[in-house]
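Since the structure comes first, as structure tokens, the remarks are kept for the end.
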Amino acid sequence: MIIFFEGWILYSFLFIYIAFAALLKLKYKKSYTYLLFFSIMTFYVYHVINLTQFPITIDETQRENFKEVFGGKNNVLVEMNVIPFSEGVSLASFYNVFMTIPLGFGLPFLIKATFKKIFSVGLLVGILFEGFQLIVGLYAGYSFRVVDIDDIIYNLLGTLIGYVFLFKLFIRFFKLILSKFEIDFNPIISHIYDAGQPLKK
């Protein structure tokens, strides 16, 4: 059995998105501009989940084949890497960094971001990705993916790069353009401008 991010899984994801969007609008009175950025982030999250977690393969023949190769053991546990950087750096390492750069860049448009908040979210996201892969692998009895602590670190690094470098530089450039060309504010420009404002102490 091969499970893709489609059908009832995709519909459930869309239902959760609509429910959250309605909650943000009706209860928390968020603007339509905020919901636009929320929708963009949701679209990004969909693609990341689809890339990192799917397809999920559950097959008895595959399970037995893996057990035969790995001496009756679940290859997820055998191949799992819990020692940072023991496998060195590979092309996949850069993919894991690049994958979460948009997360660090986009989050400040949804929350009042601080380094601590972005760090926490980046770490949590990496743990959730690898944790879900571990759970699926244990349930299926095998996995084509390797649960790797390095992936958590690289996901965190990508998130921080997206925030500390890309977002910060973008905001500085954005404000420079606004002041130089005296551009009138509209809801989207105002939202971007406010996202770059420091937190009031």
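Positions of Cβ are set from backbone N, Cα and C atoms, glycine also.
Among the features that TrEMBL reports, domain 'VanZ-like' is placed at 31-167. Taken from TrEMBL, the feature transmembrane segment covers 6-24, 31-49, 92-111, 118-140, 152-171.
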Sequence-distant contacts of the transmembrane segment (152-171), meaning Cβ under 8 Å and at least 6 residues beyond its ends, amount to 84-85, 93-94, 96-108, 113, 115, 118-119, 121-123, 125-127, 129-130, 192, 195-196
Between the transmembrane segment (92-111) and the stretches 6-24, 31-49, 118-140, the largest tally of CB pairs under 8 Å belongs to 31-49
Residue counts for the domain 'VanZ-like' (31-167) under DSSP, helix then strand then coil, are 101 helix, 4 strand, 32 coil
Sequence-distant contacts of the transmembrane segment (31-49), meaning Cβ under 8 Å and at least 6 residues beyond its ends, amount to 5, 13, 17, 20-21, 24-25, 99-100, 102-103, 106-107, 109-110, 187-188, 190-191
